[in-house]
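Engineer: My questions will all concern the structure given below.
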């Protein structure tokens, strides 16, 4: 092949249209080389040959005559690092530090630089740690050595990264972690697919059919799942016959595999937006606007007073750094860091601290079932045998001596898919429980096995006990199916009533049946018999009653969440009936509430897609139990809760139905998810899709799971909580060391506390900026300013100490039904901030004007003596020894505003530091209380009893004692007014604003409440029992009674 150039990125003049020898499509890059001076602008476009394999580009090098890789850093990692370092706050902090350095204000600049460096380093460390964990998880499963068949007999060793579709690999007898998706062509495999399904039940994979009609069909991964080995799943054991190797054909590799798509969803999730952070930037833009006014005001005032140009530039820019607080990111982060520490103490670990605030807004939580709500697997509750056409009383033990040799116990001991791996039984936990309960002492051989089929809802075996000439067939499966295959006189008349009694109590019921085969049947004849011939004319043996135990904490936690107006859903890979049963047992679906199963089928032949609505209970029995469900109409609709009269029903649907409804009934999906509680047989990508649909109607969604199949949903949800420290913990922002859902209310409580803390700190920092802005603006009017050490005292001794200690309030001990606000740009919050700003402005202007009206007031000079007679000597000597103040810092206005503003910072900090119902009261936050008391004491001391050394350090001038007392009165009145206005805003602010802006009767802003209001007026919803909805007109549905 002719190469276009010596090096892949040499300046090229030639064009080539060569084709790669392997037949793959050859990518070409038109590399027009342009320089700033236009020297090469006229050159012909040149082409570089390359191909991409496993996300790595290989470029042709003419010198070495080989394809070489081009090294580059992952865009994902690079962008995340850039986003962390180039945060607008950090850029602004750099600007502030440069400006302060020009003013010789090194102390505070050093503090800001120190905090910023720690914050950036922590962010980069977290991103790097997540990247390494994810890389290790993928590499551990995907990079292995495999045996590849070359021709009929040759076998070569290769790395799994070199596999391509079409390669034939050998599955070792002791199993392996699959590095790709492959179709099994020889042998049988026992596979643990919990990585994808979340169900830790080993399944048997058989080879693709080699004869008959099935063999003529084209391979389809969906239709041939039973013959496909998926990437990331664990091959526990292989079985092969007549010495043949177990072989599989590679069908997909890399990100194209099932696991690859899961990893892709973790690497590149859709961005999760949170209103708080969006509003924070809008609020800061408002502060920038205020700063702009001050900027223009300062320039005009300085020009009018003929101030030097350098001073004008520095002071006008300085007003911007005053208005937009550079310490805001550190102060906001403090509350999250404290919450993260408290979570760690209760066993919840966090790799994405910003998500803690999102937990405070959760109003819906999705739960996986197995291992999350329930214990893993089922326990045997008891058996109920059938004899002579009637049921015997239920028995708790099957292994009694009188029954050990019975057909019932033999059926339990043989009708299973268990296998021995390294001396231990392995297989379906249900089968394990059944087998261990029999205490089977006899040897029996399984002649033929018909594996469990979800379509047929049964499995069967043909067995022969040692020493017997005839064979026996045993059948196990869904009670209704098993009963239909039995002789009618062997099925008890009370079969339906007994079965319904158990299922209503949440038990999983399995039926057993038996048939003695003809003695003339040989082993070879049994192998050729069809399943239908064996599974007929059976004798009904009885029922096996299994119990899926709910974890002890589950019901209490779900009750607590329901009382807090947090909706709960179950999203599981298990079957529908078990999921509904568990939902009833744990309280997600209460006893009087109906469950409506939406059973959807895709279009087939000439029939359109349809949904059949199955009611699990008779509606007539539950109509009287209908109750009013309170839905909190939030987001400023009304401060009072309005109740929507809704019927007590829940929808349930399977993964297949969910796929059909999203594709063919998009107009119904929002209505369904509003009242759907149980989602069964959900694939991993469907769980993620469900989370996205819930988010699209404005739910703030949490997800709690324990398996790798939950990874996508854990990552996509606003808050994902993993109960496992394996794969799921890599994708999940939160990982709990306790394997039950008690961590969920703990996380929500801490999230609410952290969210309220963020609001408190943000409001405090905004008020701090505005208070200082007001002081500086007033002083600029007399060509004065605050002194450097006054700034330093305010910024470090007051602001940083208060901002970091006011975040220490722990979470309130209970989850209340009210949620904290989610937006900074909301009426009550803006009203709170504006009233405090006006209060501070009023008292600063009042003090500024009053001091100028005092009879002792004059333009301050080093010789000024405004103190009373008793202290005039001290003041005079102090003033005489002072040097001339070029910056005009020392004056009566400066001293007055310094005192007033210092007390204002403390007053708004106490006013904004909220306690109940989301945080513990502030008086329990002893660092904050000690800080406030200490600062109040210090300020009162230096104001009422001046200390010369402190006055010189802070550049405070001496004022008469009467004026000091007046300032104390102003400070007390200011604090009282601030407290009363905040209290009034807390109690009546929302109602007043709703009345003022006529918002009482306006529709809610969140979409799920709008959908709920629409359904309230829809008399045809929910559809009636046994009706069918067809996918015809998107705006309506056609129902027909079956």
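Note: Cβ is positioned from N, Cα and C throughout, glycine not excepted.
Below are the features listed in TrEMBL for this protein:
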{"type": "REGION", "residues": "1-26", "note": "region 'Disordered'"}
{"type": "TRANSMEM", "residues": "85-102", "note": "transmembrane segment"}
{"type": "TRANSMEM", "residues": "108-127", "note": "transmembrane segment"}
{"type": "DOMAIN", "residues": "152-266", "note": "domain 'P-type ATPase A'"}
{"type": "TRANSMEM", "residues": "280-300", "note": "transmembrane segment"}
{"type": "TRANSMEM", "residues": "320-339", "note": "transmembrane segment"}
{"type": "TRANSMEM", "residues": "759-783", "note": "transmembrane segment"}
{"type": "TRANSMEM", "residues": "789-808", "note": "transmembrane segment"}
{"type": "TRANSMEM", "residues": "829-851", "note": "transmembrane segment"}
{"type": "TRANSMEM", "residues": "896-913", "note": "transmembrane segment"}
{"type": "TRANSMEM", "residues": "925-943", "note": "transmembrane segment"}
{"type": "TRANSMEM", "residues": "963-981", "note": "transmembrane segment"}
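Show me how these features fit into the shown structure, please.
Structural biologist: Nonlocal intrachain contacts for the transmembrane segment (759-783), taken as residues 6+ away from its ends with a CB within less than 8 angstroms of a stretch CB, comprise 280, 283, 287, 290-291, 294, 297-298, 301-302, 305, 307, 315, 318-319, 322-325, 327-328, 331-332, 334-335, 794, 799, 802-803, 806-807, 820-821, 824, 829, 832-833, 836-837, 840-841, 844-845, 848, 888, 891, 893-894, 897-898, 901, 904-905, 908-909, 912-914.
Counting residues 6+ beyond its ends, the transmembrane segment (789-808) has Cβ neighbours under 8 Å at 105, 107-108, 111, 327, 331, 334-335, 338, 757, 760-761, 764-765, 768, 772, 889, 894, 898, 901-902, 905-906, 909, 912-913, 922, 925, 927-928, 931-932, 935, 953-955 in the same chain.
Remote same-chain partners of the transmembrane segment (829-851), defined as residues 6 or more beyond its termini with a Cβ less than 8 Å from a stretch Cβ, comprise 759, 763, 766-767, 770-771, 774-775, 778, 821, 823, 857, 892-893, 896-897, 900-901, 904, 908, 911-912, 959, 963, 966-967, 970, 973-974, 977-978, 981-982, 985, 989, 993.
Same-chain neighbours of the transmembrane segment (896-913): 760, 763-764, 767-768, 771-772, 774-775, 778-779, 786, 790, 793-794, 798-799, 802, 806, 809, 832, 836, 840, 843-844, 847-848, 851, 922, 925, 928, 932, 935-936, 939, 943, 954, 956, 959, 963, 967, 970-971, 974-975, 978-979, 982, counting only residues six or more beyond its ends whose CB sits under 8 Å from a CB of the stretch.
When Cβ-Cβ distances below 8 Å are used as the criterion, the transmembrane segment (925-943) is approached by residues 797-798, 801-802, 805-806, 808-810, 899, 902-903, 906, 909-910, 913, 950-951, 954, 956, 964, 967-968 of the same chain, each at least six residues removed from its ends.
Using a Cβ-Cβ cut-off under 8 Å and counting only residues 6 or more beyond its ends in the same chain, the transmembrane segment (963-981) has close neighbours at 835-836, 839-840, 843, 846-847, 850-851, 854, 896, 899-900, 903-904, 907-908, 910-911, 940, 943-944.
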Engineer: Sequence-remote contacts (6 or more beyond its ends) of the transmembrane segment (320-339), Cβ cut-off under 8 Å?
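Structural biologist: That would be 87, 89-90, 92-93, 95-97, 99-100, 112, 115-116, 119, 280, 284, 287-288, 290-291, 294-295, 353-354, 356-357, 750-751, 753-754, 757-758, 761-762, 764-766, 768-770, 772-773, 776, 795, 799-800, 803-804, 807-808, 811.
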Engineer: Counting each residue once, how many in the domain 'P-type ATPase A' (152-266) are helix, strand and coil under DSSP?
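Structural biologist: Secondary-structure composition of the domain 'P-type ATPase A' (152-266): 26 helix, 39 strand, 50 coil.
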